[in-house]
């Protein structure tokens, strides 16, 4: 019967790997039901809505999130949760659990956009020209909701959850600065959520491996020699040099990139002279480039520099190229760790139902959660906020964006369940 005992051990081992809750003994179904029920209780849900609306009314741009930070810290203090502040100027990192390893991270971005809100409702932005048009007010609220749920289970946590309230996601690489200042030192894995009005409330989506593109920007100044348009031979025409450089840049994708590898090079602006009969001294233009791999992004940057400098030289001009590597640091590609993706997917199936966990196609959008995914095992999911009764539906970064607040308890429970079950599987 030794062979039977051996077979039994092998089968149990395989099942444990396929279903982590079997290994840990955690009843994931009961856990998620409990968390979701708690988050949907009227008092809890009303609190979530109050928090989100207060944040929405007072949006703040990257690294200016002072009022937002005070609100977050006030809520954490009321829950009895310790935190560190400031991190990366306006960021906050809180801790719930045993204080011991393993450490698991949950992240929410906290900054708003320079957009004038055009939705007329009681809690419209009170700050002229600023709006939470990317849903970060909901992200903060869901993470605070998760904090409340986790605090109730503090003594049961088999490790420590780090709650990362990160500034400056919109263009300013806040995640990079949080990492640089040690916000996620010793964190083994991290999970993040982003709202999307493209999916109905009650659904989530992601994919293993590459999910979002790496992204970078550039600006160019072509220096020539000005002169009258009737005497072009006395000039060094920067308009011609810039025009041919822009055309040549399009060949980086069409002629130098494998057609099966997603890459983009786009020019967003060009500025030259003001007079029709004068060849200007300088031309400036700029744009962005993206790739689903960090190697692809690096290649494009090298080639963009080479192509522009060469085209300028051919036309007897010079070129200066700024890739904003310090002020608007390039974002790497967001790549989900396959095991973390599977873990969060399994939890999501219990939270919203198996049929409501969707496979997300790769997209050329970018997110600075990528800095975490390049440092540790990470999973990034989107969570639907579309409510068909709230028509019309507008996308992210729209001044007409509406968030269905029914997403708030779902996101809070999803965050908490991912963290609790991860620690249960990896804790001592």
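Going from the start of the chain as shown, residues are counted 1 onward.
The backbone N, Cα and C atoms fix where each Cβ goes, glycine too.
Automated prediction, rather than curation, is the source of TrEMBL annotations.
Annotated in TrEMBL:
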| type | residues | note |
| --- | --- | --- |
| BINDING | 134, 136, 170, 194 | Mn(2+) 2 binding site |
| BINDING | 397 | Mn(2+) 1 binding site |
| DOMAIN | 214-312 | domain 'Peptidase M20 dimerisation' |
| SIGNAL | 1-18 | signal peptide |
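The least crowded of the binding-site residues 134, 136, 170, 194, 397, judged by other CB atoms within 10 A of its own CB, is 397. Looking only at Cα atoms, residue 397 (Mn(2+) 1 binding site) sits nearest to 134 among the binding-site residues 134, 170, 194. Those residues of the chain, other than 134, 136, 170, 194, with a C-beta within 8 angstroms of the mean position of the Mn(2+) 2 site C-beta atoms are 109, 111, 113, 132, 135, 139, 169, 396.
Looking at the domain 'Peptidase M20 dimerisation' (214-312) alone, the prediction's average pLDDT is 97.
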